[in-house]
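Peer 1: Below is a structure I'd like to ask you about.
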């Protein structure tokens, strides 16, 4: 086997094959992903800067949004530059340990993203059900501890992926039909049993995504009960309005995630492989690209912050021109 250590059956490197069956269209496939990556970097970095700069946004909701933006930027940066190198320059080789590292960060960061969405649902629950105690419940230390707990949970549950994958014998070759090192895509290159990997992968998905979706469902059930009990129609609309951007983020994140998880295990025979690979990439790219747009369009305080920042920059340039 090319690049393999024959004694341990561990390859020195893997070959990421991009989108199998659509190699001739790699350049065209790369263009929307490149555009999405640029939008994701600019949008999320802009949100992080705005939240840090604008004092009116120094609240739990926006701190969680900044954490979500940071997670999204890191997630797409973990995969997209390498993907574009495959599409543009046919640089398909990736070191074995680098592949395991990429696999860890991809799954850890997607777990973080799910956790942050859960924290944002709890934030909306406190804001709507306990508005007078909002500031006293979600203090800065509580926010920091919640973010740290989400990070530690993701790291602890995803680290076993690397050990479970590293222990496998790779005697079938080192070609991975994917654009990045996904856990099951790497495991299936092995000639050993991947049953433990598949079971643990499903267990981790349930412990992270399943638990988070349960918390989100309970939070929104309580929110719905509180909103319906309001006597004023305007108050109900305002309360629902504060949740729309978060609900959009949940749909953007979980729909392609669930599709990817279940097709890996149950639908590979009925769904063309190139469709699965493209959906898996969209699963990583859609949330980072669309979340800043959704929150920018739906959140009035962010719009006001952008306008205020724009006018501050404009006035600063005018003052500098008079001084000069």
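The backbone N, Cα and C atoms fix where each Cβ goes, glycine too.
Copying in the features that TrEMBL gives for the protein in this structure:
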type	residues	note
TRANSMEM	27-50	transmembrane segment
DOMAIN	43-295	domain 'G-protein coupled receptors family 1 profile'
TRANSMEM	62-89	transmembrane segment
TRANSMEM	101-122	transmembrane segment
TRANSMEM	142-164	transmembrane segment
TRANSMEM	202-227	transmembrane segment
TRANSMEM	239-262	transmembrane segment
TRANSMEM	274-294	transmembrane segment
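Neighbours and distances for these, please.
Peer 2: Residues 61, 64-65, 67-68, 71-72, 74-75, 78-79, 82, 94, 146-147, 150-151, 153-155, 157-159, 161-162, 165, 180-183, 186, 204, 208-209, 211-212, 215-216, 219-220, 246, 249-250, 253-254, 257, 284, 287 of the same chain lie 6+ residues outside the transmembrane segment (101-122) yet bring a C-beta within less than 8 angstroms of a C-beta in it.
Listed by sequence, the residues of this chain that lie at least six past the ends of the transmembrane segment (202-227) yet keep a Cβ under 8 A from its Cβ atoms are 107, 111, 114-115, 117-118, 121-122, 124-125, 128-129, 153-154, 157-158, 160-161, 236, 239-240, 243, 247, 250, 254, 257-258, 261, 265.
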Peer 1: What residues elsewhere in the chain lie close to the transmembrane segment (274-294), defined as a C-beta under 8 angstroms and at least 6 residues from its ends?
Peer 2: 19-22, 29, 33, 36-37, 39-40, 43-44, 46-47, 68-69, 72-73, 75-76, 79-80, 83, 106, 110, 113, 177-180, 182, 245, 248-249, 252-253, 256-257, 259-260, 263-264, 268
